[in-house]
Structure formats: structure tokens, C-alpha cells
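Per TrEMBL, active site, proton acceptor is recorded for GLU84. The annotation ATP binding site is assigned in TrEMBL to GLY10, PRO11, MET12, TYR13, SER14, GLY15, LYS16, THR17, ASP83, GLU84, VAL85, GLN86. Look at TrEMBL and you will find CYS140, CYS143, CYS173, CYS176 tagged as Zn(2+) binding site. Under the heading substrate binding site, TrEMBL lists ILE161, ASP162, ILE163, GLY164, TYR169.
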Amino acid sequence: MAGKLTMIVGPMYSGKTTELLSFVEIYKLGRKKFKVFKPAIDDRYGKSLVKTHTGLEVEAIAVEGSKDIVNLLEEKIDAVFIDEVQFFDKDLVRIVKQLIDSNVDVFCAGLDMTFKQNPFETTAALMAIADEVIKKKAVCEVCGEYKANLTYKVTEEEKEIDIGGKEKYIAVCRDCYNNLSKERIK
Ligand code: ADP
Ligand code: TMP
Ligand code: MG
Ligand code: ZN
């Protein structure tokens with residue numbers, strides 16, 4: 001039977017990695033064979049861990065790009081888990097397609113948008129071919145409502161690829177994002 005692709009997307013702190021790890025747990029309990037990958041660029045928690053903002057973690061393989069995933073998949077496995085999928089090259093889409101066609105379930109977690117609200121291309125393309133898209137939200141760090149679907153950058157740094165946590169980024173709702181942007185221009 002063909003595998004399926006599940007995408008877990010949303011802003012920072014929305015529980016994407018937590019949800020990814022809960023799927024890992026299900027495969028672990030079922031004694032399935034699986035591998036967990038992350039991009040080497042995300043060095044926040046050491047190279048070989050996928051970790052949530054609350055400290056949950058699993059062992060992972062840090063890879064430079066999507067072709068390293070194919071190279072590491074010689075034996076037959078049941079599932080592949082990939083965190084921070086927004087940092088992968090677009091070729092990941094073709095590789096994921098191959099995996100689901102060869103009966104492997106694939107779960108990817110990642111940001112849908114940059115702090116400038118530009119779509120992350122690899123995430124967007126994977127969402128298009130996914131069997132299921134889980135769009136998460138966070139608690140808005142300005143108004144406190146559980147409706148944050150955007151990430152706001154609190155520093156002046158304009159780079160759209162910039163690893164970090166609360167010292168750089170907060171989760172906000174659209175109204176609070178617009179208010180913060182207006183205040184910044186004043
Ligand atoms: P993601 O991978 O989407 O950034 P994680 O799964 O690593 O998220 O972390 C989710 C956890 O982050 C929540 O369970 C909560 O404890 C914490 N957290 C911190 N800030 C927020 C916020 N603004 N909204 C929701 N959860 C938050
Ligand atoms: P998280 O979704 O697990 O919280 O991690 C997101 C990572 O992406 C974090 O290292 C910060 C980084 N990031 C960017 O590089 N650019 C962005 O525009 C945003 C919002 C986050
Ligand atoms: Mg995460
Ligand atoms: Zn808000």
C-alpha cells in the first residue's frame with residue numbers, strides 16, 4: 001500500500017515539533033522502522049537532536065540537503081520524519097513523492113511563512129501534494145488569544161533565514177502583527 005504524506009505547519013511555538021514527536025511515538029510503540037531527519041543548518045540543540053521548545057527530544061540525523069535523505073535510506077523502512085522542512089531545497093518534494101510511492105509514510109513539520117509572511121517554498125510545495133495538512137496556531141504573545149498564525153521578528157535583522165528563539169521571534173495574530181509593524185514605522 002502506498003504511504004501517505006502528513007504536513008504539520010504553522011508559526012513558531014505552535015507545537016509543530018511536539019506533534020511530529022507524538023507521531024514518532026506512535027511508530028515507536030508499533031515497533032515500526034523509521035528515521036528522523038533535520039537540516040544541519042538548525043544547530044540550536046546540537047546536531048543530532050530534534051527538540052521542542054518545552055524540551056522533549058528524539059535522536060535525529062542532521063543532513064545538509066535532501067539528497068542525503070535518499071542516500072541514508074537503503075533498507076526498507078515504514079516511516080520518515082523530517083523537522084524544520086522549510087530549510088530544505090525544493091528537490092525534497094521529488095524525494096518525498098518517491099518515498100510515499102514506495103510505501104513509506106512521511107511526516108514533515110515546518111514553518112509555512114517567514115516573519116515577512118512570504119511562503120517558504122519547500123513547505124508550500126509539500127503542502128500541495130500532502131494527503132493531510134495540519135495547520136497549527138500559537139497563543140498570540142501580544143493579546144494572549146489562541147489565534148497566532150504568524151511569526152514576528154523583534155530584532156532589526158532583516159534576513160529571512162536566521163536561526164533563533166524568543167530572543168528574535170514571537171508568535172502573533174494578524175491584528176497584533178499589523179499593529180506592531182505600524183508602530184515600527186512611526
Ligand atoms: P514549534 O516546533 O511549532 O516551534 P514546539 O512543539 O517546539 O513548537 O513547542 C510548542 C511549545 O512551545 C508549547 O507547548 C508551549 O509550551 C511553548 N510555547 C512558547 N510560546 C508559546 C506560544 N506563544 N504559544 C503556544 N505555545 C508556546
Ligand atoms: P520552530 O518553528 O521549531 O520554532 O523553528 C523555526 C526556526 O526557523 C528557528 O530557528 C527560527 C527560524 N526562522 C527563520 O529562519 N526565518 C523566519 O522567518 C522564521 C519565522 C523563523
Ligand atoms: Mg519546531
Ligand atoms: Zn494578538
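The count begins at 1 with the first shown residue.
From the backbone N, Cα and C atoms, a Cβ is placed for every residue, glycine too.
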Which entry in the list of recorded positions, ASP83, GLU84, ASP162, has its Cβ near the fewest other Cβ atoms, using 10 Å as the limit?
ASP162
Among the binding-site residues GLY10, SER14, CYS140, CYS143, report those whose Cα falls within 10 Å of that of TYR169 (substrate binding site); none is a fine answer.
none
Name the one residue among SER14, LYS16, ASP83, GLU84 whose Cα is closest in three-dimensional space to that of CYS140 (Zn(2+) binding site); these are the recorded positions.
SER14
Going by Cα-Cα distance, which of the binding-site residues (MET12, LYS16, ASP83, ILE161) sits nearest to CYS143 (Zn(2+) binding site)?
MET12
Structural state of GLU84 (active site, proton acceptor), classified by DSSP into three states:
coil
Using a Cβ cut-off of under 6 Å to any atom of ligand 2, determine which of the binding-site residues MET12, CYS143, ASP162 qualify.
MET12, ASP162
Say we define neighbours as other CB atoms within 10 Å of the CB. Which of the binding-site residues VAL85, CYS140, CYS143, CYS173, CYS176 has the fewest?
CYS143
Check the binding-site residues MET12, LYS16, ILE161 for any whose Cβ is under 6 angstroms from an atom of ligand 1, and report them in sequence order.
MET12, LYS16
Roughly how many Å separate the Cα of ILE163 (substrate binding site) from that of GLU84 (active site, proton acceptor), to the nearest whole number?
11
Since the record lists LYS16, TYR169 as binding-site residues, which of them has the fewest other Cβ atoms within 10 Å of its Cβ?
TYR169
Candidates near ligand 4 among the binding-site residues SER14, ASP83, ILE163, judged by a Cβ under 6 angstroms:
none
For the binding-site residues GLY10, LYS16, CYS140, CYS143, TYR169, CYS176, which residues place their CB under 6 A from an atom of ligand 3?
LYS16
To the nearest Å, how far is the Cα of ILE161 (substrate binding site) from the Cα of the residue listed as 'active site, proton acceptor'?
12
